[in-house]
Number of protein chains: 2
Amino acid sequence: MKKIYNPNRNSWSEILKRPTQTVADIEDIVLQVFDEIKKEGDQAVDRYTQKFDQVSLDNILVSSEEIEQAKELVSQELKDAIQLAKSNITVFHAAQKTNKISVDTNVGIECWQEKRPIQKVGLYIPGGTAPLFSTILMLTIPANLAGCEEIVLCSPPNREGKIHPAILYTADLCGVTKICKVGGIQAIAGMTFGTETIPQVYKIFGPGNQFVTVAKQLATKFGVAIDMPAGPSELLVVADDTANASFVASDLLSQAEHGKDSQVILVSTSKTMIDQVEEEIIKQVNVLPRKEIAEGAIANSKLIYVESNMEAIELINEYGPEHFIVCVEDEDFYIDKIVNAGSVFIGNYTPESAGDYASGTNHTLPTNGYAKQYSGVNLDSFMKSMTFQKISEKGIQTIGNAIELMAEAEGLQAHKNAVTLRLESLK
Amino acid sequence: MKKIYNPNRNSWSEILKRPTQTVADIEDIVLQVFDEIKKEGDQAVDRYTQKFDQVSLDNILVSSEEIEQAKELVSQELKDAIQLAKSNITVFHAAQKTNKISVDTNVGIECWQEKRPIQKVGLYIPGGTAPLFSTILMLTIPANLAGCEEIVLCSPPNREGKIHPAILYTADLCGVTKICKVGGIQAIAGMTFGTETIPQVYKIFGPGNQFVTVAKQLATKFGVAIDMPAGPSELLVVADDTANASFVASDLLSQAEHGKDSQVILVSTSKTMIDQVEEEIIKQVNVLPRKEIAEGAIANSKLIYVESNMEAIELINEYGPEHFIVCVEDEDFYIDKIVNAGSVFIGNYTPESAGDYASGTNHTLPTNGYAKQYSGVNLDSFMKSMTFQKISEKGIQTIGNAIELMAEAEGLQAHKNAVTLRLESLK
């Protein structure tokens with residue numbers, strides 16, 4: 001890990017640079033798959049499942065028998081853990097419900113805002129050896145609370161044509177309406193256009209590799225919304241002498257194990273803490289099964305010493321971390337002043353992995369500095385806000401003339417006329 | 001206008017098709033401008049301003065003298081109208097403020113959600129003979145209420161190198177921090193990368209032609225968020241015999257005058273109303289200055305007869321209109337059941353143009369069916385929601401084991417370890 005002392009403000013953007021991704025060479029294949037699935041539907045999906053997942057399926061829909069089998073294969077203690085997580089996530093996301101907001105903006109002018117569910121949503125869950133069932137909790141719980149009618153889940157089959165039982169168990173538990181064994185670009189294209197089997201959806205959520213990321217970006221060109229642009233996972237910890245170096249090191253490593261392109265950063269006003277954390281990382285990384293990956297990410301990462309809390313928070317807001325752990329004496333300073341972060345973890349007993357699984361907050365968060373302008377997934381991600389207005393005769397008489405003047409000044413005579421006709425009818 | 005009676009459900013998607021736009025041939029020039037402005041900054045901006053706006057500027061920043069002059073050029077009655085609109089828009093958007101949401105999801109686990117402003121936002125306001133100062137109200141008022149620190153406005157100069165006084169007056173009144181005389185692709189590229197003069201922003205809002213639309217889409221690839229994908233304006237009116245045919249026709253024409261690619265639709269359970277509205281449109285269109293444009297849009301548009309309110313609302317939800325006017329006896333039926341619409345206008349005295357200017361609701365709304373998944377611009381468009389969690393010793397003891405189990409099942413040992421270390425320290 002690079003140690004950096006008192007970096008000059010001009011060098012911040014260089015120091016805080018994320019490992020870059022190149023996607024240009026992926027775009028061609030993504031465009032091709034989209035094109036073929038748009039034209040040929042299921043037939044093209046099957047072709048690409050054979051090509052990319054090396055399996056041929058009679059039916060890409062998961063059957064109720066498969067779900068029953070999955071239920072038997074998941075241990076009771078994991079089921080209990082999932083249930084606890086589900087309960088906490090439900091409590092936090094249910095609290096995010098907002099009521100209708102209604103005001104009379106002027107005499108006889110009633111305006112209100114209401115949120116309505118996105119009717120059809122699609123979730124993508126990657127395959128591989130690590131089944132990300134926790135992401136299913138994070139996406140289906142708010143989708144159901146929002147009232148989405150159709151919740152489609154796509155996940156790639158393994159070479160035996162199966163999906164991991166923990167994924168099937170969680171999807172069933174959380175009320176997914178349809179599970180399709182389709183992965184990668186073909187899953188995103190399928191949910192974008194709809195095929196004979198895969199339903200077309202209005203918004204697509206969920207993580208994935210570079211192919212999935214580029215496919216989701218392309219989906220937006222065809223009128224489908226996505227949760228947010230994706231990037232490698234990242235964590236920034238701010239720690240002073242009140243922090244526990246061993247805990248801090250374990251948190252940094254927990255993000256580092258995600259992938260070699262993950263990035264972890266420690267910012268501290270204590271040189272001692274920086275040295276202690278460095279030592280702890282070297283000690284702890286050795287016992288990790290994903291040691292090689294974690295070491296790759298650690299190589300991208302930095303330990304940064306700054307002289308004051310003020311300088312620290314400015315640097316942190318410039319970076320905009322996905323996950324931000326605060327282990328300092330003056331917590332409130334950072335809680336009040338943080339503007340750009342996905343989710344914030346406060347105190348020595350709040351590891352980042354708590355938010356990944358079970359504290360109740362959502363783990364689908366903006367990476368790559370997108371915390372500057374994007375929210376993490378929350379209840380509103382599954383709804384859209386609509387406005388309503390009802391104007392009385394008295395109301396149009398109150399604001400009608402202003403509308404006429406403004407419409408005329410903008411050169412929009414028919415806009416004016418719609419008011420003039422009404423005002424004249426009231427004379 | 002095409003009259004359609006009792007359309008078969010299978011034909012809905014064909015009937016409700018929007019006029020299409022082709023953008024592929026625009027992408028090359030947009031990419032080129034982005035590339036040059038990224039490399040050369042202001043110099044490339046100047047070059048394209050000369051090329052596209054046919055004017056050469058010494059300084060693209062609007063000076064305080066220019067603003068003072070603009071204030072003198074706007075009539076007092078227009079100033080008063082703008083003030084009234086500003087007041088109503090402020091009342092409605094201020095009501096949208098949400099408080100911190102805080103819950104204990106479990107013993108010792110405090111989670112909360114707070115919204116923080118997007119620090120730097122950019123607004124694009126098109127030029128031309130019709131100065132869209134109303135859009136400045138719609139974007140700056142929520143930006144200021146949200147607490148955005150930097151509000152940059154770009155608008156193209158005319159051939160004399162000037163911006164319309166109503167735009168400058170409104171921008172100044174509403175607290176824009178910097179006004180740049182830059183238009184089209186070069187404005188969007190400038191705000192995406194930042195130049196010596198144009199500040200880089202985190203999110204770009206505002207309407208524009210096809211070039212601006214494609215440029216905003218490209219900006220998202222460089223990490224800038226945008227308000228929403230854009231498309232031509234549209235209006236759907238549902239009316240029964242209690243509606244006023246003359247008012248309905250004037251509303252349809254008010255959207256039709258926006259552009260030849262605008263679309264207006266009347267859905268009615270009354271054949272008499274359909275015939276009356278058709279007659280009124282023919283009568284009213286003749287006196288409009290933008291007659292030719294309105295007639296072009298009317299040619300794209302439809303009068304659709306359906307047998308029941310239930311069939312009507314299903315068809316309307318399938319279309320997802322930007323603006324939706326409800327002039328029927330049973331208003332509540334439509335208010336309760338509408339799921340996909342940008343903004344809803346209720347009753348005979350609520351013309352769509354009221355929402356365009358002065359009722360208080362926002363006029364930046366999802367077109368092209370995007371109401372199915374996107375919100376119109378509102379206070380939250382200028383903020384992002386962040387989550388926080390603070391877990392006590394008791395709290396981590398409550399959920400720690402569940403996290404360990406789930407992390408292990410996902411194959412993420414370091415995630416588990418971050419909890420294990422803490423649990424062991426508490427033994």
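Every residue gets a Cβ built from N, Cα and C, even glycine.
For reference, TrEMBL has these:
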| type | residues | note |
| --- | --- | --- |
| ACT_SITE | B:GLU322 | active site, proton acceptor |
| ACT_SITE | B:HIS323 | active site, proton acceptor |
| BINDING | B:TYR124, B:GLN186, B:ASN209 | NAD(+) binding site |
| BINDING | B:SER233, B:GLN255, B:HIS258, B:HIS323, B:ASP356, B:GLU410, B:HIS415 | substrate binding site |
| BINDING | B:GLN255, B:HIS258, B:ASP356, B:HIS415 | Zn(2+) binding site |
Under DSSP, is B:GLN186 (NAD(+) binding site) part of a helix or a strand, or is it coil?
helix
Restricting to the record's NAD(+)-binding residues (B:TYR124, B:GLN186, B:ASN209), give me the longest CA-CA distance in Å as a whole number.
13
At the Cα level, what's the spacing in Å between B:GLN255 (substrate binding site) and B:HIS323 (active site, proton acceptor), rounded?
9
Residues near B:HIS415 (substrate binding site) in space but at least six apart in sequence (CB under 8 A):
B:ILE403, B:ALA407
Hey, what's the widest CA-to-CA gap across B:SER233, B:GLN255, B:HIS258, B:HIS323, B:ASP356, B:GLU410, B:HIS415, the substrate contacts in the record, in Å?
55
Smallest Cα-Cα separation from B:SER233 (substrate binding site) among the recorded positions B:TYR124, B:GLN186, B:HIS323 is shown by B:HIS323
For B:TYR124 (NAD(+) binding site), the three-state class that DSSP assigns
strand
Among B:TYR124, B:GLN186, B:ASN209, B:GLU322, B:HIS323, these being the recorded positions, pick the one whose CA is nearest to that of B:GLU410 (substrate binding site).
B:GLU322
Once the chains shown are all counted, how many other Cβ atoms turn up within 10 Å of the Cβ of B:SER233 (substrate binding site)?
24
Using DSSP and three states only, what is B:GLU322 (active site, proton acceptor)?
coil
Could you find out if DSSP has B:HIS258 (substrate binding site) as helix, strand or coil?
coil
